[in-house]
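Here is what Swiss-Prot says about this protein:
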BINDING   C37, H59, E143  Zn(2+) 1 binding site
BINDING   C88, C91, C94, C102  Zn(2+) 2 binding site
Amino acid sequence: MKALSFEAPGEAVFGTREVPVPAPGEALIHLGYNSICGSDLSLYRGVWHGFSYPVVPGHEWSGTVVEVNGPGAELVGRDVVGDLTCACGSCAACGRGTPVLCENLQELGFTRDGACAEYMTIPTGNLHVLPEGLSLRAACQVEPVAVALHAVSTVGVEPGERVAVLGAGGIGLMLMQVARQRGGVITTVGEPVAERRAVAAQLGARTVTTGRPGELAELVAKHPDLTPDVVLEASGYPVAVQEAIEVVRPGGRIGLVGYRVEEVGPMATHHVAVKALTIRGSLGPGGRFPEAIDLLARGEIEVEPLLSHEFALDDHARALDLALRRAEGNVRSFFNLRA
């Protein structure tokens, strides 16, 4: 089969390898699509956490079950998506209901081979069957929708609340749509890439900014009605977190969703105490796959504006380059794995 492997920082190798054999309790997936996440780019650059080289990247995927080793024969032939989190189920974190913090965690695309290939194995318990009418192309965005659902549920967004989103990459654009679906009013989206700002406006943001440090604070000072009740931070830059702390209303809430392990910076955290803020971190899809599938199937979340650049897997160099440079209007590169 064809597969893409990250061998070392900045080293992506395309080649052929044997089709993997599913272990007991696993399924073999004929992959359809996989989109490139910001975490994949960090993994490629070697600035991520909890990963090992070499590894086949990819965790935002869709495909078809072709074989099951053990119970689950009814899954064969079904189109599916699946949770990247392969938890042990027996450690303290799993016992607390937080498998994403599993002490023995394996993650598709980071510590076990993921979806940038023709075939992949995954525990059958991680799979979710797609309804008729939801295409494999659209379904590769189920995982990021689930991430957004988990984040919005973690921080809380109530009907009528004003929401600012910082960072309009794939996750940021999903966050704004989920917050809007929950009844939030998307007052501002900050994003340096013009084409992504345009997508945010198309999806209903009342105002968009360039993401320049201090710009959101200036906007809120001029237009107090834009002061957010909730800020969803998806860029991962410390300067953006600082701005979120400064602009959110007293008693407001901040959700930290994006992160960059290579970015550090000083922060004036006294605002958190003085304004009595609540800050919540959110990691992973949090078991929200069924809800994400339902929202996509009912057309309540738009994915086509995000799927900007399609590539065959052997054109991985260009796919990664455009995504890294955010060039040519790139919102999200994605692979058609059957091309």
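Cβ atoms are placed via backbone N, Cα and C, with glycine included.
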Spatial separation of H59 (Zn(2+) 1 binding site) from C102 (Zn(2+) 2 binding site) - C-alpha basis, Å: 18
Integer Å distance between the CA atoms belonging to H59 (Zn(2+) 1 binding site) and C94 (Zn(2+) 2 binding site): 21
Near-site residues: Zn(2+) 1, ref C37, H59, E143, CB cutoff 8 A to centroid: S35, S39, D40, G58, E60, W61, L84, G109, P144, V147
Least buried by Cβ count (within 10 Å) of the binding-site residues H59, C91, E143: C91
Residue, out of the binding-site residues C88, C94, whose Cβ gathers the largest set of other Cβ atoms within 10 Å: C94
E143 (Zn(2+) 1 binding site) - helix vs strand vs coil (DSSP): helix
Intrachain C-beta neighbours of C37 (Zn(2+) 1 binding site), sequence separation six or more, cut-off 8 angstroms: H59, E60, P144, G170, I171
